[in-house]
Amino acid sequence: MRNPLPPVPGKLLELEVSDDVRRGTPLATLIAAPSEEDGDAGLEEIGGVRPTGKAGDVQTVPTGGVRWLAGVGDGEPKQYRKAGAALVRAVSSALEEDVKAGQKAFRAFAVELPEDAGAEHVEELAFGLLLGGYRFTVTAEEPKQSLRTVRLITRHGGDLERVRELAAAAAFARDLANTPSNVKTPAWLAETAVRVAGGIPNLTVTARDEKWLAEQGFGGVLAVGGGSAAPPRLIELEYRPRGAKTHLLLVGKGITFDTGGLSIKPADGMHLMRTDMAGGAAIIAAVRAIAALRLPVKVTALVPAAENHVSGSSYRPGDIVRHYGGKTTEVGNTDAEGRMVLADALVYGIKKHKPDAVIDAATLTGAMKVSLGVRTGGVFATDDALAERVTKAGERVGEAWWRMPLLEDLAETVQGSLGDVRQAPGGPGGIVAALFLREFVGDLPWAHLDIAGPARADKTYADVVPGATGFAARTLVELVASYA
Ligand code: BES
Ligand code: ZN
Ligand code: ZN
């Protein structure tokens, strides 16, 4: 039988930098919005088209050397990302139109940048071009002709190697999260991590099976994964470069599908829960990029992977579960499964690897969508400097974060009466979940990234297209780089 899915990871566009336009390659040019000097009539016509210059606008020129005019608005770097994303989508549709019209398809296009565009502009544009045209479709016919190369005509290079790895990380995380759950079992996720991230120098990836998890006492992972015919896994990535001073532990929620379990979710949005391993995906993709960039920081990553399903062997509300390391949790709601698997992995990772700091990423609570909407991630941290590092790293790569409080007056709500910890005591969802996790971390500097909102999109914006966004992958790479 034919593999029903596109390859994971998919291919990124090739980026080239050049200082001249090659003949025969369709050309786009970037145009800033009219200034006061341009007067009421606005910008001068190009090939009979008057450019708007509005960021995100792409106009087609019917004749002449330039085929597309892409607006960059006020010319701020951020607008270049928007322009790049809009442009690559317009060029892809033009290519499809050309093919339909029986014309010879082009494989490359060139973008001319204004003289005053510096390294930061080039990098932002590159993010837009590399990610804005991202697609994950599964159809009978694969598109025969697609874009392969984009050539940037500029004298300012920017660090395109870094941008390329960051974009590849975001795209790989999107691929993992977009893969449907009939394919994406915990075992598939583990095998894919081994296949894609293994083989990079100084990086080893190990997949532990349910037997190993049982021997080691991963009660949370086994409870959540126990209701599914597809057994759980623990994915462990170890990046050991020479000369590293800092050791970071990254932990990602890897729920390959979340039905809610016996506390079953409503049918309406349940299909969206195939991206409930987006935190784990971001971490796997980030570690691959960190190793590819040879960053001199020791990184260990753990992704507890399980499917939260309904069956005769599902865990139940009222159960008491013993985690790795011995602490027990009173289960209140089987839909709060993310914290159950993270608790095991946090304790295991800290005990075994003795890191200097811990960062976890998870689509943990729907409440975060209410708090921050769907374009900003929540940062809970026991350490101000670490919270600041995350937010700053996000700013540099185009991901927005907002600090959330670990409110001490709510800390007692996660204390158990029958067991050590209460899993789902009610109250403000995102905060209570973070307080639960804190019980398993100890005194280490720790940041918990709740990405339930921004991990998926239903609209196109910046370099994001509907579906999984790969959110957090780029921030994590940049965060680790900040320790280099
Ligand atoms: N995976 C969900 C959280 C989620 C919701 C992510 C919407 C993305 C979009 C998580 O496992 C969950 O169901 N959490 C519950 C916790 C509650 C039962 C304490 C929630 O947020 O409702
Ligand atoms: Zn979940
Ligand atoms: Zn859930």
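Sequential numbering from 1, following the chain as shown.
Cβ atoms here come from the backbone N, Cα and C positions, even for glycine.
Bear in mind that TrEMBL entries carry predicted annotations, made automatically and left uncurated.
Taken from TrEMBL, the feature Mn(2+) 2 binding site covers LYS253, ASP258, ASP276, GLU337. What TrEMBL lists as Mn(2+) 1 binding site is ASP258, ASP335, GLU337. What TrEMBL lists as active site is LYS265, ARG339. What TrEMBL records for 333-340 is domain 'Cytosol aminopeptidase'.
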What is the separation, in Å, between the Cα atoms of ASP276 (Mn(2+) 2 binding site) and LYS265 (active site)?
13
Could you give the residue numbers and ranges of same-chain residues that sit at least 6 residues beyond the domain 'Cytosol aminopeptidase' (333-340) on either side and whose C-beta is under 8 angstroms from one of its C-beta atoms?
220-221, 223-224, 253, 255, 258, 260-265, 276, 306, 308, 314-317, 321, 323, 362-364, 423-424, 433, 436-437
Would you say which of the recorded positions LYS253, LYS265, ARG339 has the most Cβ atoms within 10 Å of its own Cβ?
LYS253
Least Cβ-crowded entry, counting other Cβ within 10 Å, from the binding-site residues listed as ASP258, ASP276, ASP335, GLU337:
ASP335
Recorded positions near ARG339 (active site), in sequence order, restricted to LYS253, ASP258, LYS265 and a 10 Å Cα cut-off:
LYS253
I'd like to know which of the binding-site residues listed (LYS253, ASP276, GLU337) lie near ligand 3, counting only a CB under 6 Å away.
GLU337
Tell me, roughly as an integer, the mean pLDDT over the domain 'Cytosol aminopeptidase' (333-340).
99
Cα-Cα, whole number of Å: LYS253 (Mn(2+) 2 binding site) versus ASP335 (Mn(2+) 1 binding site)?
14
Secondary structure at ARG339 (active site), reduced by DSSP to three states:
helix
For ASP258 (Mn(2+) 2 binding site), the three-state class that DSSP assigns:
strand
According to DSSP, which of helix, strand or coil covers ASP276 (Mn(2+) 2 binding site)?
coil
Residues flanking the Mn(2+) 2 site, with Cβ no more than 8 Å from the Cβ centroid of LYS253, ASP258, ASP276, GLU337 and excluding those residues themselves:
VAL224, GLY254, ILE255, MET273, MET277, ALA306, ASN308, GLY338, VAL341, ALA362, THR363
Can you list which of the recorded positions ASP258, LYS265, ASP276, ASP335, ARG339 have their Cβ under 6 Å from some atom of ligand 1?
ASP258, ASP276, ASP335
Rounded Cα separation (Å) that holds between ASP258 (Mn(2+) 2 binding site) and ASP335 (Mn(2+) 1 binding site):
8
